[in-house]
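Below is one structure, written out as structure tokens, with a few remarks after it.
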Amino acid sequence: MEIDYRDKLVLAPMVRVGTLPLRLLARDYGADITYGEEIIDRRLLKCDRRINEILGAVDFVEKGTESVVFRTCPEERDGVVFQLGTSDAVRALKAAQIVCKDIAAVDVNMGCPKSFSISGGMGAALLSKPDLIHDILTALRRNLDVAVTCKIRLLKSSPDTVELARRIEKSGVSALAVHGRRVADRPRDPAKWDEIADVVSAVSIPVIANGDVFAYDDFERIKAATGASSVMVARGALWNASIFSPQGKLPWEHVKREYVRKSILWDNDLKSTKHTLKEMIIHHSCLEFPEGKAINNSDTMSDIARLYGESEYYE
């Protein structure tokens, strides 16, 4: 059954952060759909699919190494979106076919402004190439049995964004996520909800609004302001994943411990776990304080468990 993108709360794709533990944590707190971190097509093409019987997971492991590029599990099968970084329709399809049996949808990243994406013709670099966008999305849509979507940023003017959104809709995608900032905008710049609203009014497919959602009440605020079908949150969920809970946010310390438990349970990569924890605390604290220094100095997952009072759980 194809994933439904209407009236959903969505965890945004976040580089080096959107791994299985955070996705499952967000899901536990109320997220309906969770995006993984962007994986580049060329890297995925170097991977083998393996059943991890110890964890009860499915791993995509880089050939010749034990490096897990993407890990998923049956618990998230109906709501996990694999975000693909690509600049070529044929390569995108070959990569997507490797993972399509284990996910709910494939999303093409068309909004990342970071240099590593743009220099490879991926991410936000695609925004100026509507013909290539159409080729990629059409190839995926016609050949995959899962939903296909994409995530964009605002173009230089609202009419330009609307024109691109209409072109994307014609490719047959199931939904379109719109980050309410332009490529040159920084996170501190206010998201332009009014320009997301322009896209919503111009297309008939579900639009997922993204930008400046930091509390549960913001989900309804942005929906009311934009008319969007669903809402996506990035930093707000990273800082406290319980943002998805209608009962309100849980204490920050509790959420961090739950993340550590999930990282232990799913054998998450140590570097990934440390990076995510540092991103979690940097909004509330300072990496030069004892907690931040202790994370940096942790050499094993056992060290992380001890830091957060989860040694017994680790054992």
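In case you wondered, yes, glycine gets a Cβ from its N, Cα and C as well.
Features as listed in TrEMBL:
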| type | residues | note |
| --- | --- | --- |
| ACT_SITE | C112 | active site, proton donor |
| BINDING | P13, M14, V15, Q83, K151, H179, A234, R235 | FMN binding site |
| DOMAIN | 11-260 | domain 'DUS-like FMN-binding' |
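Distance from the CA of A234 (FMN binding site) to the CA of the residue listed as 'active site, proton donor' is 13 Å. Working note on the recorded positions M14, V15, C112, A234: by count of other C-beta atoms within 10 Å of each C-beta, C112 ranks first.
Sequence-distant neighbours of R235 (FMN binding site) (same chain, six or more apart, CB under 8 Å from its CB) are P187, F214, H283, listed in sequence order.
Residue annotation for FMN gives P13, M14, V15, Q83, K151, H179, A234, R235. The furthest Cα pair among them is separated by 17 Å.
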